[in-house]
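Database features (Swiss-Prot):
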BINDING   T237, A238, E239, E291, S391  L-serine binding site
BINDING   R268, S269, E270, E355, I356, S357, S358  ATP binding site
Amino acid sequence: MLDSNLLRNEPDAVAEKLARRGFKLDVDKLRALEERRKVLQVNTENLQAERNSRSKSIGQAKARGEDIEPLRLEVNKLGEELDAAKAELDTLLAEIRDIALTIPNLPADEVPVGKDENDNVEVSRWGTPREFDFEIRDHVTLGEMHSGLDFAAAVKLTGSRFVVMKGQIARMHRALSQFMLDLHTEQHGYSENYVPYLVNHDTLYGTGQLPKFAGDLFHTRPLEEEADSSNYALIPTAEVPLTNLVRDEIIDEDQLPIKMTAHTPCFRSEAGSYGRDTRGLIRMHQFDKVEMVQIVRPEDSMAALEEMTGHAEKVLQLLGLPYRKIILCTGDMGFGACKTYDLEVWVPAQNTYREISSCSNVWDFQARRMQARCRSKSDKKTRLVHTLNGSGLAVGRTLVAVMENYQQADGRIEVPEVLRPYMNGLEYIG
């Protein structure tokens, strides 16, 4: 959520920045609502002051032995008018807040202006895509050869965009997540967390999934005996519960940065993705991811973004997977991001790079929703923290990249050296 003072005092400047990312801010409507808010605010305050004054007069009149009934009736009438004014003001403030919740974050000045993914800018590349002297098999074919990927069974159990993994393929999937967690906790300074896979609506508002992206989530219905409680939703990413751990907290600045990681399944409806990536593991309703989250001082967030992106890159480098680093243009960034790097791994069967990590600086956008603040020891003042999140990495897509990049002519899959300790020294699958 953007700073309400910024929206109130600099709507034209805000609108210009939002236009860079393709969002049209209705400045005239905001101004009209703000003018109405001022009128209602003054009216409410005047009524409050008048009622307080008249209430005080009742006591004074009573002390003088005067008839207080006319004053009492007047105070009651003022109270009714005040209640009505407060209700009208609350309704208007709710309307303003509802609008504010739909406004995306402002892009950082250095983010390239563009409309969509075609305007993203490549920053760097690492590694050279392997040249094969045999016909490349995709991960689906390789998985079926080794009885490791069973999409038909998943369709029977659930439906499309799910998978059943078996045997050594399932083991490699587990090995990848363990390797990522160990790297981030032992070398990159993150603390490991186990978090709920179901979260409440306050949590989803905190990180910006609600209200705008309700259709992208899998929602649950309450049990009959809990019908009065709020519904839950399955997490689309561990960013949601991890970041919300600091909701409504005031953190001493000497405790920052807070660096957290978690391995969780992620659940997404993939609304709007009909017909895209229908084969294989690239786009699933359920997939695993190792997430990184940092909570930092405002002045440290841009440096933290570079660091976090480097942590994701290190996973790919140790696995020996060629990738490129992209800075997303204004039109392709996520709703809450002010700056985002994507890492795209080389997928041989598609002869292209595919996204495997997205690392974003969210600035104070989530912190304002969550009321997550930090406090300096020197002056005891509080200010909003900055939050960052990044994939470190998407486990299923990493499995795809390993299977395809490490395939052999006979269909075997070489196990990357860094994964062998997690697979009992196994060198090849098959």
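Cβ atoms here come from the backbone N, Cα and C positions, even for glycine.
Looking only at the binding-site residues E270, I356, S358, the one with its C-alpha closest to E239 (L-serine binding site) is S358. Note: the L-serine site is recorded as T237, A238, E239, E291, S391; in the same chain, V240, L242, A262, T264, C266, K289, V290, M292, V293, N389, G390 also have Cβ atoms within 8 Å of that site's Cβ centroid. The number of other CB atoms found within 10 A of the CB of S358 (ATP binding site), across every protein chain shown, is 23.
In this structure, E239 (L-serine binding site) is part of a helix by DSSP. Between the alpha carbons (Cα) of S357 (ATP binding site) and E291 (L-serine binding site) lies a span of roughly 10 Å. Take the CB of R268 (ATP binding site) and look out to 10 A: across all protein chains shown you find 20 other CB atoms. The two recorded residues S391 (L-serine binding site) and S269 (ATP binding site) have their Cα atoms spaced 19 Å from each other. Spatially close to E355 (ATP binding site) yet at least six residues away along the chain are D342, L343, E344, R397, judged by Cβ distances under 8 angstroms. Counting Cβ atoms from all protein chains shown, E270 (ATP binding site) has 13 others lying within 10 Å of its own Cβ. Spatially close to E291 (L-serine binding site) yet at least six residues away along the chain are T237, A238, E239, L242, T261, A262, H263, T264, N389, G390, S391, G392, judged by Cβ distances under 8 angstroms. DSSP classifies E291 (L-serine binding site) as strand under the three-state reduction.
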